[in-house]
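Visitor: Quick paste from TrEMBL:
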- 36-69: region 'Disordered' (REGION)
- 49-58: compositional bias 'Acidic residues' (COMPBIAS)
- 90-163: domain 'RRM' (DOMAIN)
- Gln431, Asp527: S-adenosyl-L-methionine binding site (BINDING)
- Cys555: active site (ACT_SITE)
- Cys555: active site, nucleophile (ACT_SITE)
Amino acid sequence: MKIKITYLNTIFFFKSNNMFFWPLMQDKMTDVALDKTDPAGSLPSTEKEPDDIIEENNQENPPATAAEGEGAAGGVYRYIKGDLFTSEIFKVEIQNLPKYIGFNDLKKFLNKHGINPHKIKLFSKQMFAFVTFKNQEERDKAMKAVHGMQWKSKVLSVRLAKPKADPILKKRKQEEEAEGGQPGAKRIANAVTPLWNVPYEEQLKRKEKEVEGVLQKLTREIGNNNKAMLPWLFLQKEKYNKLCCPLEAIRPSPVQTEYRNKCEFVIGVGADGEDKTVGFRLGKYKGGSCAVVSPAETSHVSSEAKRVVQGFQHFIRTTPYAVYSPETYEGHWRQLTVRTSRIKQTMAIVFFNPQKLQEEEIEELKRNLRQYFTEGEGQESAITSLYFVRMGQRTSAGTEDLPCEHVTGEEWIHEELLGLKFRISPHSFFQTNTPAAEVLYSAVGEWAQLDQDSTVLDVCCGTGTIGISLAKNGIIIALFLSPMIDSNFKCTFSGLTNVEFHCGKAEDVFPTVLNAAVSPNVTAIVDPPRAGLHSKVILAIRRAEHLKRLIYVACNAKAAMNNFTDLCRAVSNRVRGAPFRPVRAMAVDLFPQTMHCETILLFERVDYSSETQTTET
């Protein structure tokens, strides 16, 4: 049997039914703040600089004025230092904007005049916006170009703006007061697993309701953006309780506690005042709290990970190095990431700010780490792979992968999923709940309905777990890999003849591969980051009319709504090719004790010719 499957961000082709696979995992989330944000276990950001996005905010109050602090050099503005990057340094206020514009309108207007903003925060009701730039040159260029310019009968004015006040200095005590003195264990449970005291059946009902709300919105969006689908949409709503497609019963996680195979722990001052505490932060920096609480009483962290945390905390308390402070940018210890597997392998990744330490001091620290976890008290942590990462302050707007220095043990850990064995490196992406991931991928396989003539394109495939699980049945698979994928990944599959590898960004590689697919039965499976697929990928999918079926796996269905809508919208100059329409949806719970879940939607291409023939008959 020969079935072709293609992955965006990696492509595999398999022919053997009995081959044992050892794929290397690709990191779809190269930085803790990027791509698929991992609920109930990710590290709250310690940076002052928000994500580099263009955003609109009509409710947020304007940044603090000088009266609220001691000027840009101190007080609530003391985070601004000349040797650290923050675009708040290069900030302007654009006044007298036209009414009824959105942040996309403002962004396009600025780009039209050769201005490239780093961030935009628009207060449309008050007709002004704050805009930041990457450097003084770009800021000064923008001020000169925009000041006095006319836009929709409005004459714009520009002035320098003060940086946003440091939130932790304004709200340091608000969270403690709001919590009413709750003990740390309960507070951290509320922060990272807000449904910990809700019966699991009720959790599932809430999540299913959330997905139902997404489908209700998609139903409205289809009606607003594709009038030709209205007759079909009317019939669907009659059948499926006002939804555009049937919503199948949510599939629960096989395990509801200690399910996480990856956790990112921050290092800081404990909520009890204890220094060098390893655990979860009670809130985000912008929320005014950097207090850390141990994960000992959390229900979603494995006992293996808790054991590593305890051992590592004991080690750092014996060292002379302080914890890193997001307020002062001083200190060293920053983060501990722990990855575990069902075959009892454990990886620990230590993040350390070297500041101005000499190389000899850092090497000695690494030797002490190695000795502690291999010969000392840390042996009880049972770490099989240990890495050290130098994590300094950001000095540019971009975020690059940080190199991982192997300290001791194996270079990888391994995990078994659906009868396959996967090799996991420090930056690899792998679903954090392995048993529930098997439920998710099995459902995708059921929905794909593949046969011997099938070609599957797996887009944003991470480690290729979905496609590989299909490939073991002899299906041909194309996997699309990130340019940063470990070079050993392809070597691992060098003997597989029904797998293709395509390295590069999905939006760059996918259109070419898609157009080259000649199978009569082409199916795409996409499992993108939280932000969804790049518009180039969506447009390529629409243009390739030989692609008849698309399975979309969304970790945040609300954030993917634009993708869903573009798949279904009417043909236009921008969007070519017959639209898709949703025919099936289901939620799979990968994150018990939280409100997060994965959503699967099956889209099928509209065949207007067959519908016309049916109508005429």
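Positions of Cβ are set from backbone N, Cα and C atoms, glycine also.
Just so it is clear, the model here is predicted, and its values are computed rather than measured.
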Visitor: Just to confirm: which same-chain residues, 6+ apart in sequence, have a Cβ under 8 Å from the Cβ of Gln431 (S-adenosyl-L-methionine binding site)?
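Guide: Ala437, Leu440, Thr465, Leu590 - these are the non-local Cβ neighbours of Gln431 (S-adenosyl-L-methionine binding site), listed in sequence order.
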Visitor: Provide, as an integer number of angstrom, the distance between the C-alpha atoms of Cys555 (active site) and Asp527 (S-adenosyl-L-methionine binding site).
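Guide: About 8 Å separate the Cα atoms of these two residues.
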Visitor: Pick out which of the recorded positions Asp527, Cys555 has the most other Cβ atoms within 10 Å of its own Cβ.
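Guide: Sorting the candidates by Cβ neighbours within 10 Å, the top entry is Asp527.
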Visitor: By DSSP, how many residues in the domain 'RRM' (90-163) are helix, how many strand, and how many coil?
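Guide: Residue counts for the domain 'RRM' (90-163) by secondary structure: 25 helix, 23 strand, 26 coil.
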